[in-house]
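Enquirer: Shown below is the structure under consideration.
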Amino acid sequence: LNPWDVMLCVSGTAIACENALVVAIICYSPALRTPMFVLVGSLATADLLAGLGLILNFVFQYVIRSETVSLLTVGFLVASFAASVSSLLAITVDRYLSLYNALTYYSERTVLCVHTMLAGAWGVSLCLGLLPVLGWNCLHDPAACSVVRPLTKSNVTLLSASFFLIFLIMLHLYIEICKIVCRHAHQIALQQHFLTASHYVATKKGVSTLAIILGTFGASWLPFAIYCVVGDPDYPSVYTYATLLPATYNSMINPIIYAYRNQEIQRSMWVLLCGCFQAKVSFRSRSPSDV
């Protein structure tokens, strides 16, 4: 057994367990039907599928050796991770809109916007996952292989370019969110003639949280995306594993950042697991900017 494959399988198991709980909580709790939690549920579903894909890839690699199965597994993983990254972008857009259009955020238009973003994200992700299955692979042309077999160099270049674009959009949106947060704090300071310690701490905490979110995302995926572009299939496979494994950790960290820190999900989790609260507990509606 390749120890790197074992670590990927263990990572996939942890990812699947974490996100399965988030999906169960959101499906179980009728109160978690707001656009914000729909997006979190989409992210958890994508990460759950990615975790299952890592497990299946390990099983089929050592139990059932087949080119067809290998293509299906790789396509499944590409679609799942693409949906995860796309869901992160959708959450970022939703957070930006909740601050930029705070007065009209709670409307049918927001629900339509969220559903449209999710439909587009999952549709594009499915298409990206189908590309290697439909023939964009290097099974019959080893010279065209990339550092991620059986994906071709042009295929991974497309995936990496898509990631870089999404990362830049998220970076721009989070910078705009920080500007809005700082502007709101400045307006409060003008109204109260000074910026209180609590407002300063809240603003600093909000900006720090955004930096951690974006930093975690970039640190997880950037090494793998860059290596896919500059790497050569003749390089030792350990380089591919060493950059791919941290990328999977992003799907492990996502539930902690976007789900388990949320008070409503924490309360629903106790209801689901322990029955510590009554099912008809009251929930305070919160916007994505509060999370």
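Placed from the backbone N, Cα and C atoms, the Cβ positions cover glycine too.
In TrEMBL, annotation is done automatically, which means it is predicted and not curated.
What TrEMBL records for this protein is below:
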type	residues	note
TRANSMEM	6-29	transmembrane segment
DOMAIN	18-258	domain 'G-protein coupled receptors family 1 profile'
TRANSMEM	36-64	transmembrane segment
TRANSMEM	70-91	transmembrane segment
TRANSMEM	112-136	transmembrane segment
TRANSMEM	156-175	transmembrane segment
TRANSMEM	207-226	transmembrane segment
TRANSMEM	238-260	transmembrane segment
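I'd like these features described in context: how deep, what's nearby, how far apart.
Expert: Under 8 Å from some Cβ of the transmembrane segment (36-64) lie the Cβ atoms of residues 1, 5-6, 8-9, 11-20, 22-23, 26-27, 70, 73-74, 76-77, 79-81, 83-84, 86-88, 90-91, 94, 98, 114-115, 117-118, 121-122, 125, 248, 251, 254-255, 258-259, 262, 264-265, 286-288, 291, all in the same chain and six or more residues away from its ends.
Away from its own ends, the transmembrane segment (70-91) comes close to residues 39-40, 42-43, 45-47, 49-50, 52-54, 56-57, 60-61, 114, 117-118, 120-122, 124-126, 128-133, 137, 139, 148, 150-151, 159, 162-163, 166, 169-170, 217, 221, 247, 250-251, 254, 258, 288 of its chain (Cβ-Cβ under 8 Å, at least six residues beyond either end).
Taking Cβ pairs closer than 8 Å, the transmembrane segment (112-136) reaches residues 35, 38-39, 42, 46, 71-72, 74-80, 82-83, 86-87, 89-90, 93-94, 97, 150-152, 154-155, 158-159, 162 in its own chain, all 6 or more past its ends.
Through the fold, the transmembrane segment (156-175) approaches residues 78, 82, 85-86, 88-89, 92-93, 95-96, 128, 146-148, 210, 213-214, 217-218, 221-222, 225-226, 228-229 of its own chain, all at least 6 residues removed from its boundaries and within a Cβ separation under 8 Å.
Outside the transmembrane segment (207-226) by six or more residues, the chain places 85, 88, 159-160, 163-164, 167, 170-171, 174, 177-178, 181-182, 243-244, 246-247, 249-250, 253, 257 with a CB less than 8 A from a CB of the stretch.
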Enquirer: Would you report the average pLDDT that the model assigns to the domain 'G-protein coupled receptors family 1 profile' (18-258)?
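Expert: Mean pLDDT across the domain 'G-protein coupled receptors family 1 profile' (18-258) comes out at 86.
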